[in-house]
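Beneath this line is the structure, given in structure tokens, with notes to follow.
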Amino acid sequence: MSESWQQPPQTQPQQPQPPQPQHHAEPPPALAEHTLPPGTAENPLGCAVYGILLQPDPGLQPPQHAPLQAAGEPGPKCGVCGHDLAHLSSPHEHQCLAGHDRSFQCTQCLKIFHQATDLLEHQCVQAEQKPFVCGVCKMGFSLLTSLAQHHSSHSGLVKCSICEKTYKPAEAAEPATTAAPSLPAAPAPSTVTPAEQADKPYSCPICQKPFKHLSELSRHERIHTGEKPYKCTLCDKSFSQSSHLVHHKRTHSSERPYKCAVCEKTFKHRSHLVRHMYAHSGEHHLFRCNVCELHFKESSELLQHPCTPSGERPFRCGECQKAFKRPSDLRQHERTHSAERPFKCDLCPMGFKQQYALMRHRRTHKTEEPFKCGLCEKGFGQPSHLLYHQHVHTLETLFKCPVCQKGFDQSAELLRHKCLPGAAERPFKCPVCNKAYKRASALQKHQLAHCAAAEKPLRCTLCERRFFSSSEFVQHRCDPAREKPLKCPDCEKRFKYASDLQRHRRVHTGEKPYKCPNCDKAFKQREHLNKHQGVHAREQQFKCVWCGERFLDVALLQEHSAQHSAAAAAAEGAYQVAACLP
């Protein structure tokens, strides 16, 4: 088998074929001329450009191209299940399920499947869902084989992810290798059959794709024109198809229409269900690069990834020299070294380095409460908050103590509730809070809780905490380095916050940074300055009308005014005596 790309088989309606000469099936001219560099691993069953892989069974021999058979001759059959393999280009396309454990069953038609991905394809066909997306035009398909057939319809240049050369998958391209002069390439056969042309009379004038209905053609043409007539009424986004708008509106609501047939978990979007189904089957990635062995969930990710052999990481951080496989991973990592916060909240001025952090923050705003209570219409930002709120509507508590029959809303409250057998027999009751105990020693220990903090006899010299009993003091494992990691270099006193340490250091340095604007006094702490400025404010209240002096309270002003009155009376009496003298 030559080292050339093999295009995925085209699934056409089975019609009698005329006898063909016995020779090996030749690929299209453009793909045959595109050869890989020497030493590249051969992949006869897949294309790394489109991401379609048909992985063979390791226990079987490599596929051999059998001669094409004339119509009417019996073809090869599977030796286990008897399935006809004549229409398949390779026997490995038939995966016999005989002898395997079929554990995935369709809930609608009860059909059984060996793998969860087969069940997903089956359900997508029934529900007309299209989880397999083309990496070139973003068109969706229900089956992986349909996506492989669709890739051959693109006429634009496609880059090979291994040798980075470009070629046209549907037309003859320039030879990628300087080989011997080749014969003129035969024109590529038309991919539209006469029967399909009669069934689909409407064709796109740009890409020649046929359609059965005019509405389908109009919807398809928006891909080329970029028209987006469907606008969201809740935000300023617009879409080219109504289904895309319906898909987008689920981001504003709590609707989850896609349900897993295996575990009945629900999802908002079909792509989330597709990723979830891989977890049941163990096939977490369908598309694999044959050079760097990276796996991808979608063919578009395989097309866009920069291929690096042997797991190389060419993108290196300039700060910490950490290497990454993708430039997007490097850009995301570089934000940890800088103050860049490209993800801004549109409701407040806060910014975030990662998108998931922004999404988590937006739920804190009261304007976005997607989780609604079905009884009172109250909204919540988190589903756990809604679940906690719904306990209010229940007629009885969910968790009940089997001993004292006390009910609790949460299981954690029931675990914290320490109920002893025979709880009704508690003769020792506290006169302050009416709490009862079985033993007098327990009541005495409880009564210490009503005492003031100064009455606690035992004090820890490291963290200044006080305790009632010696058992509590022994159980208290004080770690000042953990609780108060900041230590004063002058007196070894520890603090929990840097601001507390900075304020304490002024005791040793004598620094007084807070100065009064009304006088020449200065203070070490801001609260001392605020208390001092109240003195100046009160001085403006009581003013003497004789001399203009100000006082803090009215009693001092009255005492001061009495001195002025006495002096004035004495002066007036002396004037009268002087006037009477001859």
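Just so you know, glycine gets a Cβ as well, placed from its N, Cα and C.
The compositional bias 'Low complexity' annotation in Swiss-Prot covers 1-14 (among others).
Per Swiss-Prot, compositional bias 'Low complexity' is recorded for 174-196 (among others).
A 10 Å cutoff on Cβ-Cβ distances gives LYS130 (SUMO2 cross-link) a total of 17 other Cβ atoms nearby, all chains included. In the three-state DSSP assignment, the secondary structure recorded for LYS130 (SUMO2 cross-link) is coil. Feature annotation from Swiss-Prot assigns SUMO2 cross-link to LYS130; the stated evidence is a large-scale study or a structure entry.
Positions annotated as phosphoserine by Swiss-Prot: SER281.
Positions annotated as region 'Disordered' by Swiss-Prot: 1-39 (among others).
Feature annotation from Swiss-Prot assigns region 'Disordered' to 174-198 (among others).
Per Swiss-Prot, the feature zinc finger maps to 76-100 (among others); the stated evidence is sequence analysis.
If you look up Swiss-Prot, you'll see 104-126 (among others) marked as zinc finger, on the strength of sequence analysis.
Look at Swiss-Prot and you will find 132-154 (among others) tagged as zinc finger, backed by sequence analysis.
Within its own chain, the zinc finger (230-252) is flanked in space by residues 219, 222-223, 268-270, 370, which lie at least six positions past its ends and keep a Cβ under 8 Å from the stretch. What Swiss-Prot lists as zinc finger is 230-252 (among others), and the listing cites sequence analysis.
What Swiss-Prot records for 343-365 (among others) is zinc finger, and it gives sequence analysis as the kind of evidence. For the zinc finger (343-365), the DSSP-based tally of helix, strand and coil residues reads 8 helix, 4 strand, 11 coil.
According to Swiss-Prot, the feature zinc finger maps to 371-393 (among others). When pLDDT is averaged over the zinc finger (371-393), the result is 73.
Sequence annotations record features per position, and here Swiss-Prot assigns zinc finger to 399-421 (among others) based on sequence analysis.
Marked as zinc finger by Swiss-Prot: 428-450 (among others). Broken down with DSSP, the zinc finger (428-450) shows 11 helix, 4 strand, 8 coil.
Look at Swiss-Prot and you will find 458-480 (among others) tagged as zinc finger, backed by sequence analysis.
Taken from Swiss-Prot, the feature zinc finger covers 486-508 (among others).
Beyond the ends of the zinc finger (343-365), by six or more residues, the same chain brings 332, 335-336, 381-382 to within a C-beta distance below 8 angstroms of the stretch.
Note on the zinc finger (486-508): DSSP counts are 11 helix, 4 strand, 8 coil.
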